[in-house]
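Trainee: Next up is a structure, given as structure tokens.
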Amino acid sequence: MFRYVLTIYIYLFFIDLYITSHLNTHTHTHTHIYIYFISKGIPIFIVMGSFSHNQKQTLFILLLATLITLAVGQGTRLGFYRTSCPRVETIVQSAVQTAIRNNAAIAPGLLRMFFHDCFVNGCDASILIDGSSSEKTAGPNSLLRGFEVIDAAKTQLEAACPGVVSCADILALAARDSVVQTGGTGWPVPLGRRDGLVSRAADTANLPAFNDPINVQIRKFSDKGLNTQDLVALSGAHTIGTAACALFSYRLYNYNNTNGPDPTIDAAFLPTLRGLCPNGGDGSRRVDLDTGSVGRFDNSYYANLRNRRGVLESDAALWNDPTTQRFVQRFLGVRGLLGLTFNVEFGRSMIKMGNIEVKTGTQGQIRRVCTAVN
């Protein structure tokens with residue numbers, strides 16, 4: 001029990017530092033965090049201070065990060081590099097910011113890369129390893145972009161703190177920074193992951209796919225310790241994503257061998273999609289997954305699902321199945337349901353996902369370059 005209490009107080013110390021540097025920079029707010037324990041040592045946090053709406057969201061995510069990391073952290077923690085590489089977050093943030101400024105498509109690329117890394121043997125940067133049969137070469141990863149951003153950040157970190165920061169942690173930070181750069185709310189990233197030693201294309205077979213039905217999506221997420229709300233929240237990353245016509249054009253012309261379109265697509269939206277992806281046209285052409293909100297990290301993705309304008313079949317299924325539809329409705333603030341704040345819940349789910357099967361302590365290694373094991 002004492003160790004548990006001590007751990008929480010250490011986390012609160014780093015939360016206080018984060019509040020001081022991020023929330024109170026332009027205010028005179030005085031913040032006090034009180035902690036109480038109820039049955040079985042479960043902590044309750046009471047925060048005293050005045051905050052704006054955005055600051056409240058950020059603080060809520062901070063406290064969630066503490067609780068989630070204590071529950072599933074497996075060795076990751078806030079402030080991991082505080083003494084060994086204090087500029088790690090600044091360096092990664094700068095690399096991501098520069099890259100997205102030059103190419104906006106980098107943001108969804110880095111977010112998707114982290115997702116694909118965590119779902120294959122855990123968040124261990126195995127997706128970054130080069131090789132003729134590595135994860136990079138697998139079909140689901142063939143169109144990933146942003147590898148050069150991770151390499152650039154790693155080069156700078158090796159110059160500043162040689163052999164200290166893992167590629168897995170760089171990728172976790174880059175995913176968060178991609179959201180922030182596109183207008184989303186950030187979250188504190190627990191660090192301390194180590195890099196994996198194995199990368200096999202064959203291991204990507206169970207990645208969530210563009211045409212998975214809801215029961216398969218739920219099972220794949222459950223296998224990684226993520227629940228149905230996490231599935232719907234993390235799918236919201238598609239608010240800044242695009243997809244190649246080849247991944248959904250079958251829905252437009254010959255759905256399930258009917259020689260017609262998927263009947264769940266909004267009839268007024270179908271001509272738009274057909275115009276972007278003509279039958280027999282360029283399958284590599286990219287189409288926005290969140291129509292009308294390209295490049296903005298917001299909850300309009302869920303409004304498009306409700307309006308039957310989901311582009312991928314797996315996205316459309318979130319509205320078409322009642323199991324997931326209720327979470328979409330809650331993100332939209334439908335009257336009569338307990339609302340969910342997208343930015344808050346997305347950050348919470350990203351923290352959970354970022355702790356899938358992580359390697360810590362003496363497991364794995366700290367790669368000198370991210371594209372190859374030492």
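Along the chain as shown, the residues are counted starting at 1.
Every residue, even glycine, has its Cβ placed from backbone N, Cα and C.
TrEMBL: automatically predicted annotations, no manual curation.
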Trainee: If you look at what TrEMBL says, which of Cys161, Cys167, Cys245 makes a disulfide link with Cys370?
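Mentor: Candidates were Cys161, Cys167, Cys245; TrEMBL matches Cys370 with Cys167.
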Trainee: Which one is it, Cys85, Cys118, Cys123, that TrEMBL ties to Cys161 with a disulfide?
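Mentor: Answer per TrEMBL: Cys85.
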Trainee: Relative to the Cα of Cys167 (disulfide bond), which of the recorded positions Arg112, Val120, Ser126, Glu135 have a Cα no more than 10 Å away?
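Mentor: Near Cys167 (disulfide bond) by Cα: Ser126.
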Trainee: Quick one: pull the CA-CA distance for Cys161 (disulfide bond) versus Glu135 (Ca(2+) 1 binding site), whole Å only.
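Mentor: Distance between the two Cα atoms comes out at 28 Å.
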Trainee: Near Ser126 (Ca(2+) 1 binding site), which recorded positions out of Cys118, Cys277, Asp298, Cys370 have their CA within 10 Å?
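Mentor: Checking Cα-Cα distances against Ser126 (Ca(2+) 1 binding site), the recorded positions within 10 Å turn out to be Cys118, Cys370.
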Trainee: Could you give the Cα-Cα distance between Cys370 (disulfide bond) and Asp290 (Ca(2+) 2 binding site), in whole Å?
Mentor: 32
Trainee: For Cys277 (disulfide bond), which residues in the same chain are close in space, meaning a Cβ under 8 Å from its Cβ, but six or more apart along the sequence?
Mentor: Cys245, Phe248, Ser249, Leu252, Gly283, Arg285, Val287
